[in-house]
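**Student:** Take a look at the following structure, please.
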There are 2 protein chains.
Amino acid sequence: MNLKWRKNILNTTSQKISIFALGGVNEIGKNMYVLQSNDDIVVIDCGSKFPDESLLGIDLIIQDISYLQENQEKLRALIVTHGHEDHTGGIPYFLKQLNIPIYATNLTLGLIEIKLKEHGLLRSTKLFLIDSESELQFGTIRTTFFKTSHSIPDCLGIAFHTSQGTIVHTGDFKFDWTPVDRHGPDIHKMAALGENGVLLLLSESTNAERPGSTPSERLVGDHIEEAFRHAPRKVFISTFASNVHRIQQIVDASIKTNRKIALLGRSMVNVVAVAIDRGYLKVPEGMIIEANEVNSMDPEKVVILCTGSQGEPMAALSRLSSSNFRQVEVLPEDTVILAAGPIPGNERSISRIVDNLFQLGARVIYGSGSVTGLHVSGHACQEELKLMLTLMKPKYFVPIHGEYRMLHQHKLLAESVGVHSENIFIVSNGDVVDIENNEAIQTRSVDAGNVFVDGIGIGDVGEIILRDRKVLSEDGMLVIVTTISKSAGKIISGPDTISRGFIYGPESGELINEVNETVQATIHKMKDKNRNQRVLKQSIKKSVEQLLYSRTKRKPMILPIMIEV
Amino acid sequence: MNLKWRKNILNTTSQKISIFALGGVNEIGKNMYVLQSNDDIVVIDCGSKFPDESLLGIDLIIQDISYLQENQEKLRALIVTHGHEDHTGGIPYFLKQLNIPIYATNLTLGLIEIKLKEHGLLRSTKLFLIDSESELQFGTIRTTFFKTSHSIPDCLGIAFHTSQGTIVHTGDFKFDWTPVDRHGPDIHKMAALGENGVLLLLSESTNAERPGSTPSERLVGDHIEEAFRHAPRKVFISTFASNVHRIQQIVDASIKTNRKIALLGRSMVNVVAVAIDRGYLKVPEGMIIEANEVNSMDPEKVVILCTGSQGEPMAALSRLSSSNFRQVEVLPEDTVILAAGPIPGNERSISRIVDNLFQLGARVIYGSGSVTGLHVSGHACQEELKLMLTLMKPKYFVPIHGEYRMLHQHKLLAESVGVHSENIFIVSNGDVVDIENNEAIQTRSVDAGNVFVDGIGIGDVGEIILRDRKVLSEDGMLVIVTTISKSAGKIISGPDTISRGFIYGPESGELINEVNETVQATIHKMKDKNRNQRVLKQSIKKSVEQLLYSRTKRKPMILPIMIEV
């Protein structure tokens with residue numbers, strides 16, 4: 001320990017440490033964890049999340065970072081643990097609101113740079129390359145790292161050495177003892193951290209419901225090679241573009257079975273380029289062919305590596321399955337391999353693609369990884385989570401990165417290896433765990449929540465707009481325009497009724513007549529009583545609503561428009 | 001064989017038999033199969049299907065029955081194989097379009113009657129009680145039945161003895177050798193049918209992707225009892241209301257563990273009443289308590305049997321999980337058991353409920369049936385499908401009741417037990433298999449498709465309305481009203497812009513001003529050129545669209561309204 005560091009400790013013994021999530025707990029996605037030591041804030045990860053079907057029209061969900069905006073003078077760093085979307089996808093939107101230096105490993109930085117280029121933010125952002133041996137000082141917070149294995153290379157866990165003790169964030173991890181790139185998890189470092197005392201552990205919970213251990217990525221390689229050998233003609237194989245280890249195994253299997261590789265899908269092309277460029281993917285010269293070369297080659301000599309394993313409608317696999325890809329097509333006796341597990345919620349879209357591929361006459365290899373051997377998870381199952389907890393021996397434990405039931409199961413696992421129940425905090429986004437005098441408590445919260453990205457706008461679509469979209473999506477709408485005389489309140493023209501998404505005009509003349517009659521009657525009835533436009537509109541709305549519900553049992557949005565001339 | 005039947009055969013040797021699906025192939029749901037022998041049509045099942053999230057606002061999907069309407073004088077019967085929604089849910093809508101006598105077993109009729117009552121159709125419908133020993137003559141078609149096991153009691157397979165040979169429809173089935181009600185499948189009858197020669201088999205394909213055999217329903221009973229014994233306080237258990245065998249086992253486990261049962265959820269109350277009334281469920285006197293008695297009882301003495309195992313937002317379990325049920329609440333240390341597997345697509349809603357239940361402090365027993373032992377499928381897996389194919393030894397085979405990949409896998413299974421590949425027809429809804437001179441061919445189709453039920457209307461929501469709903473749901477809309485003078489084409493009032501689901505008016509003054517300026521400019525530009533309203537509206541639409549896309553990257557529906565005075 002050098003002198004400078006010793007001085008820091010002496011100066012900071014009375015400091016309070018605060019830890020909270022701005023995203024990532026009670027959800028899968030938009031991870032962001034914050035560590036604050038008095039005047040120094042370090043942010044860990046900045047992910048995005050895809051909206052579920054109830055958030056109509058929303059493109060992306062990111063974090064509410066108002067706490068960080070209010071404390072921007074304290075912001076020291078954004079450390080990104082690895083290059084997955086749920087840890088990086090929010091970065092461009094964050095940077096549009098707040099500038100912050102970013103620290104990440106080589107591959108992670110490469111993937112972040114693609115995003116920054118797309119958003120025109122590359123020049124204005126400070127990027128710092130780190131590795132698992134880096135030692136950084138963010139104000140009073142000394143920070144070291146350890147390698148973890150996951151479904152993307154170059155992942156980090158983080159140790160924050162604070163005045164109160166060591167706080168460890170695992171990042172995403174599994175324990176893969178036979179990693180494809182031979183860079184296994186830093187188990188000795190983890191053991192040393194635990195031996196020296198970990199005050200608080202934040203550990204990911206994705207697979208906390210699953211017993212046992214996650215198999216090694218290497219097992220997938222053998223199954224890929226076997227599938228390639230048995231394929232009579234072209235092979236299409238779809239996996240996550242970011243799973244560079246799996247892509248390496250696909251490359252290796254292609255070499256062994258004497259096939260060249262074409263890449264389909266923008267993210268596949270981008271990630272493979274970055275991974276080759278930065279030395280994470282070894283591809284012999286001449287192995288990769290252009291998509292438009294596929295048709296001129298012997299089908300037994302080709303592998304097409306493509307995006308779309310989650311059934312995304314615009315991705316390569318979906319377009320191939322509906323014969324909607326210009327340069328390449330799936331033909332009878334071609335083999336299509338789905339080398340990825342379904343993310344919950346995507347099952348139906350994937351099934352639809354498999355159906356279509358079978359209809360094209362393809363041999364399709366699909367289904368859960370435990371059956372096909374063509375997918376393993378990147379996350380630790382229960383036995384591995386217990387290993388991490390045992391290595392770290394934390395006094396306090398905060399399960400992160402998971403929906404509530406996963407956090408709950410992770411809590412039970414922690415208890416089973418000896419963490420005291422009262423020292424485990426299941427938090428919501430924004431709940432702060434404060435550590436002072438070596439004691440942790442959770443009593444306060446900061447602002448946290450979902451911010452919606454729709455088109456260019458960040459956060460400008462709120463509850464009212466979403467509620468309107470819901471009504472419009474279910475039963476459409478009816479605009480009723482009437483021109484009345486300012487002086488007498490008499491109808492000059494109209495009512496004219498226009499419908500969208502409710503009834504089809506040309507077939508609904510009778511109902512529209514009834515609507516117009518109801519509007520006329522309402523205006524007539526109100527004529528002498530009340531000339532207040534708002535009241536009149538309310539009456540029209542109510543009477544038309546009643547009419548329509550009695551006739552159709554539906555409740556479209558009704559927009560009465562009154563023009564006074 | 002009696003004389004009358006012999007005569008029929010003699011008269012009908014030259015008849016053509018046609019078979020097709022109007023629903024149920026390339027999908028799960030809305031089953032309807034049609035057998036036609038010259039002038040006699042028999043319909044098998046009349047199910048409904050729930051729309052996926054792309055069909056905005058649609059309540060239900062039913063069959064296009066225009067072929068049956070055009071041939072209604074030939075309609076002899078609707079035979080319903082069992083009481084599940086995907087086989088019965090379309091009946092009220094069918095009957096509103098066409099009257100037809102219905103043939104079904106005791107429990108199935110009981111469940112159909114509930115539906116008919118709700119729709120005011122009970123009096124006008126002819127219902128005929130049949131059982132597996134019935135022998136019916138529909139014109140030239142002699143019809144017999146055999147029992148199958150499934151996840152509801154009283155299921156039938158059907159054998160049609162036609163001039164061309166015997167055609168067998170399995171209904172839904174599994175082979176449960178230890179059935180809860182001790183009424184196992186009629187395997188000897190099936191063997192006899194096969195032995196006497198089956199010309200064509202229609203067999204269900206739901207689990208054709210799954211290897212092995214489906215476990216017996218009886219296994220679930222032991223696990224339920226064990227879970228009840230370990231429950232320290234109240235037990236909530238949710239399963240499909242129609243799974244009367246499982247409900248019997250829940251009743252039995254309650255008796256053994258000295259608990260009374262309260263029923264929550266309309267369909268649970270309805271089905272249990274019908275099942276008790278018709279003798280399918282044995283419940284001792286005094287076992288069932290009212291929901292409002294739960295709170296006054298010792299929590300160790302209560303089981304609450306409820307609907308909502310699929311995460312349906314309005315069903316009992318969902319409301320319990322959000323503490324939104326008047327009479328009963330889930331408290332810490334209560335046990336909640338999800339005794340049902342997720343239907344694909346429902347995973348997320350179910351997970352959300354489990355999360356909420358854990359947050360209430362409940363012990364939740366959930367997860368796949370193969371882990372918890374608390375659910376088994378009602379459908380035959382691969383080994384059972386092969387058993388059915390082997391028993392029936394059909395010359396021709398048509399896999400039904402499944403999405404394409406299931407039909408495809410079922411075809412492979414049929415080939416594996418000796419059915420000739422060229423004798424297997426994978427059909428789409430509407431594709432007709434014609435049998436003449438003992439030969440089957442598939443060359444023609446009848447109308448078939450999805451008919452949408454939305455509110456009261458059957459089939460009045462079509463593609464245009466759905467397309468509009470989609471646009472409205474994603475980006476909302478903008479109504480722009482301008483009053484112009486008929487004579488000079490000058491603006492008299494407006495433009496006034498109203499938005500719903502696009503931007504929130506009070507916060508978007510600037511953008512709305514820009515819209516209004518664009519509209520003014522467009523009207524001004526067009527003033528001298530063209531006074532055609534349609535052309536003017538198109539121009540306004542286009543220029544506003546461009547403006548909004550450049551400002552927001554969003555594409556709301558734009559409705560320009562021009563009032564001429």
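From the backbone N, Cα and C atoms, a Cβ is placed for every residue, glycine too.
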**Student:** According to TrEMBL, B:G57, B:D59 bind Ca(2+); identify which of B:D447, B:D454, B:D460 is listed for that same site.
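**Tutor:** For the Ca(2+) site that includes B:G57, B:D59, TrEMBL also lists B:D454.
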**Student:** According to TrEMBL, B:H82, B:H84, B:D86, B:H87, B:D172, B:H401 bind Zn(2+); so which of B:H150, B:H161, B:H188, B:H420 is the extra one listed there?
**Tutor:** B:H150
**Student:** Closest of the binding-site residues to B:N243 (substrate binding site), Cα to Cα, picking from B:G57, B:D59, B:D86, B:H150, B:D172?
**Tutor:** B:H150
**Student:** Measuring CB to CB from B:H150 (Zn(2+) binding site), give everything in the same chain under 8 Å that is also at least six residues away in sequence.
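**Tutor:** For B:H150 (Zn(2+) binding site), the qualifying residues are B:H82, B:G171, B:D172, B:F173, B:K174, B:G378, B:H379.
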**Student:** With Cβ-Cβ distance below 8 Å and at least 6 positions apart along the chain, what are the contacts of B:D86 (Zn(2+) binding site)? List them in sequence order.
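**Tutor:** B:G24, B:I28, B:G29, B:K30, B:N31, B:G47, B:S48, B:K49 - these are the non-local Cβ neighbours of B:D86 (Zn(2+) binding site), listed in sequence order.
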**Student:** For the binding-site residues B:G57, B:D86, B:H375, B:H401, B:D454, which ones lie near chain A, with a CB less than 8 A from one of its CB atoms?
**Tutor:** B:G57, B:D454
**Student:** I'd like to know which of the recorded positions B:G57, B:D59, B:E204, B:H401, B:D454 sit within 10 A of B:V376 (substrate binding site) at the Cα level.
**Tutor:** none
**Student:** Among B:G57, B:D59, B:H84, B:E204, B:D454, these being the recorded positions, pick the one whose CA is nearest to that of B:S242 (substrate binding site).
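**Tutor:** The answer is B:H84.
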**Student:** Is B:D86 (Zn(2+) binding site) helix, strand or coil when read with DSSP?
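**Tutor:** In three-state terms, B:D86 (Zn(2+) binding site) counts as helix.
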**Student:** Within 10 Å of its Cβ, which one of these recorded positions (B:D59, B:D172, B:E204, B:D454) has the largest number of other Cβ atoms?
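**Tutor:** Compared across B:D59, B:D172, B:E204, B:D454, the most Cβ atoms within 10 Å surround B:E204.
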**Student:** Looking at the binding-site residues listed here (B:G57, B:H84, B:H87, B:H401, B:D454), whose Cα lies nearest to that of B:E204 (active site, proton donor)?
**Tutor:** B:H401
